[in-house]
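If you look up Swiss-Prot, you'll see 9, 10, 11, 12, 13, 14, 15, 16 marked as ATP binding site.
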């Protein structure tokens with residue numbers, strides 16, 4: 001079955017689209033990635049999405065216009081990726097504007113903005129969306145949702161494999177080996193903390209909006225990281241939590257950046273960006289070390305994907321801090337770094353069609369497995 005996956009993440013830079021084909025048993029599908037495409041958000045739309053994700057108040061009319069603009073961007077990405085309309089089913093994550101994990105016995109909630117009936121009408125094909133709702137209803141975090149799909153797509157290794165997505169937020173998937181004592185272990189996963197979110201906001205601030213990200217790590221390469229503050233930041237509550245845990249721009253947004261820049265004092269732009277970049281790598285390294293110390297799991301591979309994979313300074317910091325794991329990009333496994341999450345949501349849509357569960361309760365904290373997503377047929 002041909003499926004189209006659409007993903008727009010916390011970096012809010014645009015929509016990644018993937019056309020893929022899935023066949024065979026749901027738990028171990030045969031798959032091929034046929035096309036992928038990135039559709040950039042217009043700068044004003046990107047600005048509005050970032051502001052909404054940080055709790056900026058907006059009148060209802062602007063919320064409606066934002067939902068329409070996001071949906072149209074998804075449609076444009078889908079049409080560009082699949083001009084011949086081969087896909088029989090669309091899996092669309094939507095744009096997260098707020099994520100609230102469960103806390104103090106209060107139910108979690110997460111809002112992925114999308115007008116799914118409009119998207120189904122524009123594409124004249126069924127759309128599966130609202131993937132997080134079922135897991136949240138079962139008491140889970142609703143995130144991360146990629147681990148089960150990661151294991152199905154990129155499993156079968158001789159040792160533990162770690163998959164690291166470097167979007168706005170850094171999240172890890174740990175896939176158990178196909179042989180040995182751990183072969184029956186459950187897949188693991190969680191959100192580590194900021195990857196590009198603070199770096200991108202810092203670049204906008206230091207360049208007065210001229211640059212929205214640190215292209216090629218150029219700014220970070222000119223600076224020196226403040227290791228003392230990095231170690232202090234690693235002691236903060238979120239980074240000491242054990243999984244399941246999830247987070248987003250509501251925690252690591254402009255207010256958080258302002259606090260950290262104030263703590264860095266008179267640091268130059270280059271030193272501040274270098275520190276934020278090293279910090280993003282350090283939160284991942286600390287989580288992997290906590291995993292090793294707590295349950296004895298040490299991945300032999302660390303496979304990166306997402307926009308941060310294109311930042312050589314961030315990759316060098318990961319390589320330096322995550323010793324013992326061979327670092328490589330997901331492209332080495334046949335999945336372009338910018339296509340991984342869109343491929344996951346294409347698979348989740350196919351699983352929804354097949355009635356196959358998509359969450360991992362040990363990862364999200366949900367009370368049981370669930371088929372994820374809500375299907376909307378074209379009008």
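The backbone N, Cα and C atoms fix where each Cβ goes, glycine too.
On the structure: features taken from Swiss-Prot.
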residue	record	Cβ neighbours (10 Å)
9	ATP binding site	24
10	ATP binding site	27
11	ATP binding site	25
12	ATP binding site	26
13	ATP binding site	23
14	ATP binding site	22
15	ATP binding site	26
16	ATP binding site	28
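In the three-state DSSP assignment, the secondary structure recorded for residue 11 (ATP binding site) is coil.
Close to the recorded ATP site, the chain also has 7, 8, 41, 167, 168, 307: residues not among 9, 10, 11, 12, 13, 14, 15, 16 whose Cβ is within 8 Å of the site's Cβ mean position.
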